[in-house]
Amino acid sequence: MKLYLVTFLFFVIYKNKTFVDCVTKKQDVYLDDEFKSFTFFFASSPSANFLSRIVHSNEAKFTQIKNKTDIWNKTIDKAYSINQVSNNIMRVYISLLSLFLFPYFSYIGIFGHSRNKANLTLSSLLAYFALLVSFFLFNGILNIGFVTSLPLVVAVLIFILGVSDCEINFLYKYTRYIFCFIISKLIYDVVTYISKDGANIFDYGFSGHIYMNLLRGKYYIVLKLIHLIILSLISLIIIKICPKIFSNNHLKSPISITFDKYIISFLCSLPIATAISQVFYLLSKTINPIDPSIFFMIPSSINFSSTGTIFSLSIWILMSYLMTFLRNKVEADFNNILNKIPNNLPDFI
């Protein structure tokens with residue numbers, strides 16, 4: 001009898017050990033790169049502070065927020081699946097991209113006012129906008145190989161098309177629309193940040209409510225498309241509110257021509273500020289909120305209470321002013337040189 005009992009206990013202990021080992025191995029399988037990427041990003045984000053407050057809060061506080069409409073768990077694992085915080089390839093890629101774009105946009109931002117460089121400048125801005133939108137559409141949907149290659153391919157194609165086939169008036173028209181679209185993104189982030197109740201720093205805003213209430217949050221790509229539509233509508237509203245600046249009927253009006261200089265300086269300063277913010281990110285290990293790979297990402301990476309966001313936006317504003325000042329300085333010097341050329345120079349030659 002004792003022999004049977006010992007045999008039975010040995011069998012139970014062995015099966016339990018085997019079961020535990022199997023569970024451990026299965027858990028290791030599920031800890032893939034995508035889950036690890038999200039885990040590391042979330043642990044380094046301000047949302048971790050919110051989670052900590054929930055864990056250490058009393059039951060009454062937890063009861064108040066646990067019944068809220070929760071759209072995060074359906075999409076947050078995809079939102080930042082490829083990011084600099086947890087992916088070394090992405091960190092090196094964005095750093096090299098920023099290093100390349102910094103001198104290029106500095107040059108066209110200062111010297112791109114001349115007629116022979118206007119097409120190059122506007123095509124470059126259109127290509128960079130295509131890069132931002134492509135990153136937004138592909139990140140969280142495709143793997144890192146496609147996320148790092150396809151946006152560059154799209155941007156290069158748009159640049160070639162703009163330089164070779166597009167008229168200058170067409171480029172100015174869409175440059176103004178790009179400006180309105182980026183302003184719409186900032187307005188959306190500000191309104192979302194102000195209207196939130198503090199339950200989640202990375203808020204989806206109005207696009208998220210439409211996504212969950214009407215479409216029940218089926219596919220993350222649908223949320224991306226809805227967000228682009230919302231930003232496009234806000235952009236059209238801005239154009240309608242300021243027709244003298246953005247309307248197609250006023251492409252050559254004095255106020256539009258003057259404002260175009262500020263628009264170009266503002267847009268050229270974005271990749272410049274991104275490069276400076278990238279250095280700040282690498283040194284301080286914070287999130288670069290204007291990183292092109294997550295610039296349009298929803299939920300937004302811009303958190304107006306974080307040091308990284310305040311630094312990046314401040315640098316962006318400062319670079320916009322500096323680009324405008326240097327651009328006007330170069331243009332004034334160029335006009336002075338032209339005025340000193342004798343009017344009868346062609347006859348003399």
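Cβ from N, Cα, C; glycine included.
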Query - Gln84 vs Tyr211, membrane side identical per Swiss-Prot - result: yes
Query - Segment proximity, the transmembrane segment (306-326) to the transmembrane segment (118-138), 3 or more C-beta pairs under 8 Å - result: no
Report task. Select the range from 177-197, 219-239, 263-283, 306-326 that forms the most Cβ-Cβ pairs under 8 Å with the transmembrane segment (92-112). Result -> 263-283
Query - DSSP residue counts for the topological domain 'Extracellular' (284-305), split into helix, strand and coil - result: 1 helix, 0 strand, 21 coil
Query raised in the report: Can you say which of 141-161, 177-197, 306-326 has the most Cβ pairs under 8 Å with the transmembrane segment (263-283)?
Result: 306-326
Report task. Count the residues of the topological domain 'Cytoplasmic' (162-176) that DSSP assigns to helix (H, G, I), to strand (E, B) and to coil, and report the three numbers in that order. Result -> 13 helix, 0 strand, 2 coil
